[in-house]
Amino acid sequence: MGERGPDQWLEQIKNCISLSESDMKQLCELVKELLMEESNIQPVQSPVTVCGDIHGQFHDLLELFRTAGGLPSDDNQTNFIFLGDYVDRGYFSLETFTLLMVLKVKYPHRITLVRGNHESRQITQVYGFYEECLTKYGSTTVWKYCCQVFDFLTLAAIIDGKILCVHGGLSPEIRMLDQIRVLSRAQEVPHEGGFCDLVWSDPDNIDTWAVSPRGAGWLFGSKVSREFNHINNLQLIARAHQLVMEGFRYHFKEKDVVTVWSAPNYCYRCGNVASVMQVDEDLEPNFKIFSAVQDGDLSVKNNANKQQRSDYFL
């Protein structure tokens with residue numbers, strides 16, 4: 001067998017075939033080294049495609065790339081920002097996160113991976129990723145490698161200095177972007193404070209702040225986003241974290257916060273469409289809508305189960 005690296009990994013993972021444990025160890029180490037170089041608010045230049053939650057829906061992630069003009073390649077020069085929640089709930093969290101990591105290694109300056117509330121040891125032990133790794137590898141080793149990568153994911157990205165991209169939302173502890181830049185991010189998602197709020201908070205039709213029903217983060221209102229954007233010279237906050245049936249939604253009359261949701265037919269039953277937000281040099285967002293793949297995760301999983309059942313009787 002020849003030397004295996006990102007090119008071989010990409011060909012394999014594109015077919016939804018998970019990598020060996022030793023390949024995963026090597027991949028996670030490479031990604032960690034790249035992420036260590038990034039700041040808490042990673043600057044990204046337009047043109048860029050912004051993507052919301054994926055939640056382990058691997059075949060829909062492939063559809064996302066088709067909708068956005070293809071996987072990053074030497075020909076496709078678009079930048080991509082992913083807003084977190086790569087894992088849990090879907091059947092192929094492992095393959096989803098692996099594909100994104102391989103693309104990060106191949107095109108480090110074109111793929112920006114932001115941390116979501118599900119990129120956490122505690123949450124993945126409840127919502128599926130831990131169990132998936134255990135089932136697919138027979139141990140928790142690969143889950144541990146991935147969790148180490150989670151700890152180094154950036155907290156935010158900023159497009160041309162004007163569009164802030166985070167997973168969840170704002171925090172009463174953060175008024176200035178510089179307060180995000182100095183947070184210590186190489187750790188498990190905390191239960192409270194600025195870091196926690198960035199991945200857990202939601203916009204709501206209120207004036208300022210309210211307690212979040214999620215039990216972490218806050219609800220923030222139009223006055224909060226208006227002041228935050230004014231102080232930091234921003235024109236828009238792009239975030240994910242909440243299912244929107246129509247794929248994207250602007251909040252508040254100023255339209256200064258937008259939710260981008262990229263998991264179609266969420267959990268294989270919600271019936272929603274998904275979107276990506278494309279931003280050109282004029283910084284005008286353009287949304288591309290896509291639907292779940294017909295022969296997607298469910299049929300692949302069912303076929304695998306049938307194969308296992310037939311093998312059992314051989």
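The count begins at 1 with the first shown residue.
Cβ coordinates come from backbone N, Cα and C, glycine included.
The Cβ of D53 (Mn(2+) 1 binding site) lies under 8 Å from the Cβ of L83, G84, D85, G116, A240, H241, W261, S262, A263, each on the same chain and at least six residues away in sequence. The Mn(2+) 1 binding site feature in Swiss-Prot is assigned to D53, H55, D85; the stated evidence is similarity to another entry.
Taken from Swiss-Prot, the feature Mn(2+) 2 binding site applies to D85, N117, H167, H241. There are 26 other Cβ atoms within 10 Å of the Cβ belonging to H241 (Mn(2+) 2 binding site).
Summarising the annotation, Swiss-Prot assigns active site, proton donor to H118. Reduced to three states, the DSSP call for H118 (active site, proton donor) is coil. A 10 Å cutoff on Cβ-Cβ distances gives H118 (active site, proton donor) a total of 28 other Cβ atoms nearby, all chains included.
Cα to Cα, H167 (Mn(2+) 2 binding site) and H55 (Mn(2+) 1 binding site) are separated by 13 Å. Under the three-state DSSP scheme, H55 (Mn(2+) 1 binding site) falls in the coil class. A separation of roughly 9 Å, to the nearest angstrom, links the Cα atoms of H118 (active site, proton donor) and H55 (Mn(2+) 1 binding site). Cβ-based neighbour count (10 Å, all protein chains) for H55 (Mn(2+) 1 binding site) stands at 26. If you take the Cα of N117 (Mn(2+) 2 binding site) and the Cα of H55 (Mn(2+) 1 binding site), they are about 11 angstrom apart, rounded to a whole number.
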